[in-house]
Amino acid sequence: MNSLNKKSIKDLDVNGKTIVLHLDLNVVVDYENKRILNDRKLRASLPTINYLINHNAKIVILSHLGRIKTLADKQSGKYSLEIIVDELRNRVSKNVNRVVFSPLNYGETVVQMVNDLEERDILILENTRYCDISDEGEYVGLEWDGSEILGQFWGMLGDIFIDDAYGVAHRQLSSNYQTAKFAKKSALGFLIVNEINHLDIALEVPKSPYLALIGGNRVADKIAAIEVLCERADQVIIGGGLVYTFLYAQGYNVGLNLVERNMIDDCNNILEKYGKKILICFDFLCNNDFSDTRPIYRKIDEGLEGLYGLDIGKRSLKFIKHEIYRSKTILLNGPFGVIENIKNYAQGTTEICKSMAKQTTRGAYTIICDIDTSSHAEYLGLDKYINFISTGGGASLSYIEEGVLDGLETIDNVPLNVLKKE
């Protein structure tokens, strides 16, 4: 059972059935050398894939990879899911029969390939986002904008549709919302159920003190989630790029940092309503550009004139670590500094992750629910010390805000009589 009251894979008889399986295989790829750099999303999908293999299913995989913006993106093969085939073949259950790839994802050839599948075969269809660009190079948005025709085609390819693509579960795409609508039967895979169950621990039944750490860049993307967390957590600490709009709203000089001026009133409203619960980071490691040179330390009271704030300062970090070590539930969403290839400004996020890992060993419940910080924690080797690391940032924020995921609306519901019994 899950709080969305949607059927899960174990509610259906998948034995010997043809399963259309929607996954988020948007892995990190070195496109120049055609190498997968981070396969965490693929690994997270394995429990569902292996369950289907071990139940003799015929599996048809839908997924996207990268952002397809032009005809050149499509024709170059740069974002082709073919790069996934060997990696998947090497990682799935040894009971698999064949793993094959289709350079198409629509049409009679695809139908024939599906019909030719044997038990324990896997067929990976080409990148679903290829459907967003026509052969003439026009944007048609069939996948992104949720084409019913495309969803009907994919939904009718199998006996059952299983959605396990958590990373896009908040978006109504053809490959989730429309495909489920036209499928004979549908359910959620293990990954999505696991993601929801872990978020529910932090949202519905958290141990107190409950600390929420919110970093990242855009206030507009996170303001609703911040308000929800202010209602539920004992303390919310705001850092990362979005902190500068909050500071600007309070009258501070934030230098060269981005300020979302259209969000100033929202920031002030949050601070006025929840001021006793919110801490805004108050000192920073700065520079006048984004080079990995020696940081310039500034307290916000001194102003950041001519500077970018690239990481939190030692005093903010000391306070955050103190709060982590006294908390029993800790949720982190978003890095607190620039962590992409700039070592001098990753220290704040690194120390936060290390402190969370240490507090996990003391019995706290810890969750990281954004892609960038999750990847950083894994890079540090700390992922095994955090209770749960999510595979989706936007989906987690949407679930925190609304308690639902729009892309999953059309998945079959658990019958009311079953809900009453439980």
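A Cβ is built for glycine as well, from the same backbone N, Cα and C atoms used for every other residue.
For ARG171 (substrate binding site), the Cβ neighbour count at a 10 Å cut-off comes to 18, with all displayed protein chains included. Taken from Swiss-Prot, the feature substrate binding site covers ASP24, LEU25, ASN26, HIS64, LEU65, GLY66, ARG67, ARG129, ARG171.
Around the Cβ of ILE371 (ATP binding site), the number of neighbouring Cβ atoms within 10 Å comes to 22. In the three-state DSSP reading, ILE371 (ATP binding site) counts as helix. Taken from Swiss-Prot, the feature ATP binding site applies to LYS222, GLY309, GLU340, ASP370, ILE371, ASP372, THR373.
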Message = If I take the alpha carbons of GLY309 (ATP binding site) and LEU65 (substrate binding site), what is the distance between them in whole Å?
response = 32
Per DSSP, three-state class assigned to GLY309 (ATP binding site) = strand
Note = Comparing the Cα of THR373 (ATP binding site) with the Cα atoms of the binding-site residues ASN26, LEU65, ARG67, ARG171, the shortest distance belongs to ASN26
Request  = Would you please pick out, from the binding-site residues ASP24, GLU340, ASP370, ASP372, the one with the fewest other Cβ atoms within 10 Å of its Cβ?
outcome  = GLU340
